[in-house]
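Participant: Annotated substrate binding site per TrEMBL: LEU17, GLU22, in sequence order. The ATP binding site annotation in TrEMBL covers ARG107, LEU108, GLY109, ARG110, GLY111, LYS112, GLY113, TYR114, TYR115.
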Amino acid sequence: VLGHPKYRESQRIAVFLSMPDEIQTEEIIQDIFKQGKECFIPRYKPQSNHMDMLKLLSTEDISSLALTSWNILQPGDDDTAREEALASGGLDLIFMPGLGFDKKGNRLGRGKGYYDTYLERCMKHPKGKPYTIALAFREQICDSVPVAENDVQVDEILYEDC
């Protein structure tokens with residue numbers, strides 16, 4: 001990931017804070033700050049499919065985040081001071097989680113459509129849609145995953161031995 005050309009050329013990067021069953025993103029986040037890039041993380045709104053990407057100030061900033069009922073760390077609803085990526089310069093790159101992927105770029109998420117609706121909003125931003133890279137374990141690569149018409153394909157899937 002850290003040597004990937006899209007990562008190296010990107011300045012504004014969104015990355016998920018990993019759950020135990022996902023590719024761990026801690027080293028990526030540390031490198032984003034080490035390289036002087038800007039890091040944005042998801043804030044999911046429960047009972048909806050709305051998600052924002054809010055600026056993370058440092059790796060230490062993670063310890064100030066609230067744990068949701070889904071066991072995901074994210075800025076609290078009362079945290080209104082953080083920059084939202086689409087309210088400012090947009091994003092260059094989004095690292096995406098998922099449960100399953102196929103080699104055509106289809107992604108099976110957790111069923112709420114957060115990333116799909118966020119990418120639709122990105123397409124309306126003057127900067128346009130950021131490059132998307134899904135981070136996966138080899139075991140998550142399938143022949144095909146079910147898709148709906150509003151699903152947005154990822155540009156690339158990175159997994160070991162890909």
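Even glycines carry a Cβ here, placed using N, Cα and C.
TrEMBL does not curate its annotations; it predicts them automatically.
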Participant: GLY109, GLY111: which of these binding-site residues has the sparsest Cβ neighbourhood within 10 Å?
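Facilitator: The binding-site residues GLY109, GLY111 were compared, and GLY111 has the fewest Cβ atoms within 10 Å.
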Participant: Roughly how many Å separate the Cα of LEU17 (substrate binding site) from that of ARG107 (ATP binding site), to the nearest whole number?
Facilitator: 18
Participant: Centre the Cβ atoms of ARG107, LEU108, GLY109, ARG110, GLY111, LYS112, GLY113, TYR114, TYR115, go out 8 Å, and tell me which other residues of that chain have a Cβ in range of the ATP site.
Facilitator: GLY98, ASP116
Participant: Between the Cα atoms of GLU22 (substrate binding site) and GLY109 (ATP binding site), find the distance and write it as a whole number of Å.
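Facilitator: A Cα-Cα distance of 12 Å.
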Participant: Around ARG107 (ATP binding site), how many other CB atoms lie within 10 A of its CB?
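Facilitator: Summing over all protein chains shown, ARG107 (ATP binding site) has 24 other Cβ atoms within 10 Å.
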Participant: 10 Å Cβ neighbour count around GLU22 (substrate binding site)?
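Facilitator: For GLU22 (substrate binding site), the 10 Å Cβ neighbour count is 16.
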Participant: Pick from LEU17, GLY113, TYR115: which of these binding-site residues has the biggest number of other Cβ atoms within 10 Å of its Cβ?
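Facilitator: Selected residue: TYR115.
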